[in-house]
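Following: one structure in structure tokens, then a few remarks.
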Amino acid sequence: MLAPQDIWNDPVQLVSYYTNRAIPISPLPGILVLSIIVSILGSYATLLLLGRRTSARGLRNHFFLGLAATCFAAVAVWGMHFVSMISIRLKASPDVTWFLLFSPGMTALSLFVPLIATIGAFVLLGDEDTIIDADENALRALINPMAWLRSWRILASGFIMGLTITLMHYSASFQLPYLTVSYSAVTVVFAAILACVASTAALALFFRARVQWQDSFWKRGLCSLFLASAVCGMHYLGLGGTSYMAKSGIDPNLLSSGDVQSTKLIIAISVMCGVIILIAIILALIDYRTRRDLKAKAKQVVLASVAFDEHGKILVKADGTIPMQVMQVDTDFKNITAQFDPRMSTFQWLYQLSFCWTNSVTPYVPRITAAASQRGKGTFQEPSMIDKKSNAAFRSRFVEAAVQLAHSLDLSVDSIGVLFDRVLQTGTKAITPEEVEKMGYPYPADEESVHGITLRLGTSEGVMVFLAREIGKGKPKSADFPNRQIQAGAPETDTVQHYLENGWRLAETRFFSKSLADAMGVNKPEMDIFLSACKTYAKRGTQPVVQEGGVYLGLFGVRPTGSHDGGLDVLVYNFARHQIPAYRLPDVSTPLSASCSRFIEECANATLADILNRCNDTLARAEGSDAGSFKSRPDSEEDDVFYDFLAALAVSLESLSTACRCWPDLPYLAKLHPTLLELPCSDFDDKRPATMLMMNVILPAPEARLTPVQTRASGIQVPGLDSNRRAEDRPPSPFVYTPWNLFARAQTMILRGGVYRDIAKSYAQELSRLYPAQARDVLAELDAADKAPMSPTSPTDPGNPFTDVPQLNNSRRNKGRRPSTTGAITHLDEIEKLDSNATLQDPPAGRKSRPTTSAEPGTLRGPFGKENEVPRLAPGAKGPPIYAGVRNRADGWHVRMMRSLEEGTRGIELEGTDWASQAKLLPIN
């Protein structure tokens, strides 16, 4: 209420009048808008810095937490408050203006109190990163009350931040030197509620959807508007219920001299805002440089590491990229990228090498790192027999890039993972009509399209090659340098906690794929499929997927591609392209009884349909007979085991026929191979092997030059694309075709039998030629020889891992392998989550067990129905390698199957395929 007009020009009377009356408030609109901008700026910087935190631990994360808390408390809250208060003018009369003057002590206290409280809220918030389910988007996650209740950290942090904002607002006015303040209780309560609700909404909006919004400028800006609304809304709502009155006896001149303090506050706040803007600019420049470097790598040959945790999240660097290493190649780009076709010998050379890092590359890591360093300085001299544009030079670049990539992650080279069996074209360009006409035909041949591995050299500018692995199985970098002193008690480097503490973060592939696709010049759908395929490959693409003691029915199906190079395809699972279609016989375990083995021998070379009819006929006769007569016979228990086997075999045969129903003639063409195949189930040979009954068949050859129906990334079929392809040309989900020569190499490297050791030895010999020992003075050579372990290049050295094959098989089997015993079994339970049709477990039971059987599913039964006394290991324990011979017996099983098909009645269909030479693995060149 304005004072009476007769005292407008009397300052003393005005002070006396407003001692018990509220002084009218008149804010400046321009500065008021500026205060809101300051709050938005501080909130955005806060979320930008919080988004770069990856864990609640680690010096880097603590730094970003403190900086984010400072930005929010000092700029978004404190700075906004005092910019707004500077705009307030107390109009005692139309000609008399008074200013708000603040106590210096309370002004400083009002900065540090919210700073400490904000740090506490952010510490409580931690690295909250709630996962949004696949069928749940960000908006649905926010409006789900149960999701908010589960995220109690966000609720608590929002509550603390709201109270912090409220406390700062009111604490700054606790001791005004010349004015007294009164508040409306209703506005105080509602202002505090508004601050808490808006703060919680902002944090929930950002952190609940962080995996989706992490790299989005406008979405982060939307979150900062919510957070700024909490500050500004509370401030101006509280200001509306605040009244200022003059203290009795105050000199009016003091009330008119507040513009000096306002100038000082403006300078302080301007400096703070300038620092925040500078930080934002620096971070933006870092992000711009990262994107620029990525776009440059998209036009080169890049080796990348894709590492996944147990939940399938991908490991991402602090700058939002995955670890990459550019391969420095000297040859023409088209010649290089053509070598990355998985059907080419160069790619298969690299693929095989990635399975035997330990025995082939690790002994030469010091030489490789020295050569890479000299190459970077331009002082490296290639061996005289190597041409810079030869395949040998290209292979050496791959080896050097793999070692550098591993060491950049502080990992040994044998921990970097296995080469993914597909490559990704980057920097993809749109095909113009002129280019289509120049190419002659816009689509690749059928052989190329079904594998999803076509390299369209005219439409891409780079290639990305992936090494896939799972986090937690790696060794530190120091393992590559045995001569170096290893610090005792050094922390493990390949753990999720270690990566998070050092600025890395874990991201969902479906959310991360967009940023990586944009940077590498790839379509997002293709990147989605590719990263998902890499995730599946890292989990089960390089290890056996059969279970301990299981009995399986497998289908070895091949088809000639009809191409000029005599190509051959093998039918495999898409989620594990080394695994042929197979179905486990329910409730049947090894060893098989004598009657079961005789039945298999009698059915040798019989068709699937004949075996199924024989099983059904035998079971029908058994079920129609008197049940009591079976109990009176001395061998009734063995009969029960036999009939259970027949029932399980019939179920698996029916399941296999149903899965392959696109080939209606398959039951009359697939024949049973007379030999049972034993397959290892463990990397340590401490588990009973699985047994597989193998059906062999030659599938129909495809029609040539049809529209491709599969993506290049992983062979996954594109739904809804009509290509006029015959049904039998397109394998049903979850099956795909893979090249025969790549399949043969995958089998050999995964089995790790005798041929694997010969290949590893050949690689070691080739690397010894690519990286020969550098001659030094005699004294230095003798000193190095005394300190270093025996070199593996000499076949007579006792330390040579290739000297004695049996010793290698027993003593080195447990080194450099995955520590997986029971883990491989539990992984199979998740196959159905990847694909509804993908399973190697028991097929759905199509018939009930015989009433005379009482064994529980999965019980290990002996040849006469009695349970075998087999000691069981504790979960995670490693037993003795008592089944080491299984690998050597299984070695080359695919070649034996091909010979059986070639000698069969339809062997003529394999003429011109040249399958034998394509399966030849030695010499590796």
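Just so you know, glycine gets a Cβ as well, placed from its N, Cα and C.
TrEMBL lists 27-245 with the feature domain 'MHYT'.
Annotation source TrEMBL lists region 'Disordered' at 787-879.
Residues annotated as transmembrane segment in TrEMBL: 31-51 (among others).
If you look up TrEMBL, you'll see 63-86 (among others) marked as transmembrane segment.
TrEMBL lists 98-125 (among others) with the feature transmembrane segment. Residues 23, 50, 56, 65-66, 68-70, 72-74, 77-78, 81-82, 85, 88-92, 153-154, 156-157, 160-161, 163-165, 167-168, 171-179, 203, 207, 244, 246, 254-259, 261-262 of the same chain lie 6+ residues outside the transmembrane segment (98-125) yet bring a C-beta within less than 8 angstroms of a C-beta in it.
Summarising the annotation, TrEMBL assigns transmembrane segment to 152-171 (among others).
The transmembrane segment feature in TrEMBL is assigned to 183-209 (among others).
Counting same-chain residues at least six beyond the ends of the transmembrane segment (221-245), those with a Cβ under 8 angstroms from any Cβ of the stretch are 18-23, 25, 35-36, 39-40, 42-44, 46-47, 72, 76-77, 80-81, 84, 88, 90, 100, 161-162, 165-166, 169-170, 173, 176, 179-184, 186-188, 190-192, 194-199, 201-203, 205-206, 213. Under the heading transmembrane segment, TrEMBL lists 221-245 (among others).
Positions annotated as transmembrane segment by TrEMBL: 265-286 (among others).
Sequence-distant neighbours of the transmembrane segment (152-171) (same chain, 6+ residues past either end, Cβ-Cβ under 8 Å): 72-73, 77-78, 81, 106, 109-110, 113-114, 117-118, 120-122, 124-126, 128, 183, 188, 191-204, 207-208, 230-231, 234-235, 238. Across all of the domain 'MHYT' (27-245), the predicted model scores a mean pLDDT of 78.
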